[in-house]
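Listed features, source Swiss-Prot:
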type	residues	note
BINDING	ASP53, SER54, ASP92, LYS120	3-methyl-2-oxobutanoate binding site
BINDING	ASP53, ASP92, GLU122	Mg(2+) binding site
ACT_SITE	GLU189	active site, proton acceptor
Amino acid sequence: MTYLQEASRNAVTVPKLQAMRDAGEKIAMLTCYDASFAALLDRAGVDVLLIGDSLGNVLQGQTTTLPVSLADIAYHTASVARARPAALIVADLPFGTYGTPEDAFRSSVELMRAGAQMVKLEGGEWLADTVRFLVERSIPVCAHVGLTPQSVHAFGGFKVQGKTEAGATQLLRDSLAVQAAGAQLIVMEAIPTLLASDATKQLRIPTIGIGAGLDCSGQVLVLHDMLGIFPGKRPRFVKDFMQGQPSILAAVEAYVAAVKDGSFPGPEHTF
């Protein structure tokens, strides 16, 4: 059995994401961990596939993303890449793998060799030198600000960020700093809608929201969440797109359409 498919659309590249942002076309992003789903998500028109350290939660049963290793991410990145999707492949740098610019470079090289076309790392202003170090060495970078799950213990739990004036000011500083360092994409997680809107207006690069409101350049969800596969209470920023759909493909197509036409997220999914 093969998961390869003939390309039905042009490849989504880093410059393509910038062009989409500049043209006002929303970017649809989902997590992905294997070849089968990579082919399906690509067929549904997803623009970006994220091999997220969320695999620690949804695949490994961990309560946080902290136990996920670089080898874990590399393995799943290679699995996704074998499907040869037109979608851009972005891979997370796990906790503890980018403490210095040199560490980040070594880790990123492993993920790029596995098939990643961009790496994502959590943090803002303090990571500017690392972002610059990677970009200067031809590694595209996606930054992640707001609620950064690898900082769960520092935050005291999974809490909305940027609610205070000081917090909002720092988030804007973080976003502008990583952009100045060369980041080409930025994920904003669990921050007030107005703050995400303000940041998106101030930034030149695309912003991808998850619990950050409608005004971001695009949206991302964990694949399992948007298919209704989550134990316990549904996170506020999640919509179950599987409801009322005849197939997983149809559910993913509905997600892509909702992101593109601006009907997702709704007010009930934001802070």
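Glycine is treated like the rest: Cβ placed from N, Cα and C.
Within 8 Å of the centroid of the Cβ atoms of ASP53, ASP92, GLU122, where the record puts Mg(2+), the same chain has further Cβ atoms from GLY52, SER54, THR65, VAL68, LEU93, PRO94, PHE95, LYS120, LEU121, HIS144, PRO149, GLN150. A gap of 11 Å separates the Cα atoms of GLU122 (Mg(2+) binding site) and the residue listed as 'active site, proton acceptor'. The Cβ of ASP92 (3-methyl-2-oxobutanoate binding site) lies under 8 Å from the Cβ of LEU50, ILE51, GLY52, ASP53, VAL68, ILE73, VAL119, LYS120, LEU121, each of which sits 6+ residues away along the same chain. Within the same chain, residues at least six positions away from the residue listed as 'active site, proton acceptor' with a Cβ under 8 Å of its Cβ are HIS144, VAL145, GLY146, LEU147, THR148, PRO149, GLN161, GLY209, ILE210, GLY211, ALA212. Within 10 Å of the C-beta of LYS120 (3-methyl-2-oxobutanoate binding site) there are 24 other C-beta atoms, taking all protein chains into account. Fewest other C-beta atoms within 10 Å: among the binding-site residues ASP53, GLU122, that description fits GLU122. Taking a C-beta cut-off of under 8 angstroms and a sequence separation of 6 or more, SER54 (3-methyl-2-oxobutanoate binding site) has the following same-chain neighbours: THR31, THR65, PRO149, VAL222.
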